[in-house]
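Trainee: This is the feature table in Swiss-Prot:
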ACT_SITE  109  active site, nucleophile
ACT_SITE  134  active site
């Protein structure tokens with residue numbers, strides 16, 4: 001966790017910290033804290049309750065600091081919980097700043113919906129990004145017949161909501177999204193633009209230097 005109690009994306013190496021000097025003295029910081037100072041949120045883990053709470057808190061804090069400046073969310077995530085996805089999604093739509101979304105690596109399942117939910121014209125992929133969309137995953141269900149019926153209705157509700165959400169942000173019909181997500185649909189960066197999940201593929205900064 002960082003100094004604010006937020007969980008940082010897990011790394012297979014030691015996360016470096018460094019000393020930063022300013023007119024007010026010195027302080028120890030780390031890459032994720034520096035990104036936050038630049039109004040950048042990094043989703044680099046599975047979408048679950050913990051990561052959702054962290055991201056929602058950062059969105060709300062950044063809105064309070066400056067409601068008129070964009071927030072950028074970088075995404076490299078295999079997806080995860082549908083309820084956690086919708087919690088982040090609602091917060092992205094709720095806050096006043098535009099939320100830019102950028103995929104680097106992959107945006108799969110729930111993370112693909114978050115990628116598409118960025119502000120119109122402000123959604124992008126890096127060239128070798130991978131985007132995967134499919135219907136919400138469900139765990140094995142058990143219980144009484146009446147409970148199974150309730151669970152089946154909830155599964156269908158979640159699927160319909162996800163389809164409507166993707167349709168809203170891609171310009172596709174909900175019916176087309178249902179067909180496309182019946183099985184895994186894997187998109188390259190260029191295909192994600194064609195589908196309407198993002199608006200552009202970023203060039204490497206070195207090429208523009």
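Yeah, the Cβs are placed from backbone N, Cα and C, and that goes for glycine too.
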Trainee: Quick one: give me the count of other CB atoms within 10 A of the CB of residue 109 (active site, nucleophile).
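Mentor: Around the Cβ of residue 109 (active site, nucleophile), 27 other Cβ atoms lie within 10 Å.
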Trainee: List the residues of the same chain that sit at least 6 positions away from the residue listed as 'active site' in sequence and have their Cβ under 8 Å from its Cβ, in sequence order, or write 'none'.
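Mentor: Long-range Cβ contacts: 109, 181, 183, 184, 185.
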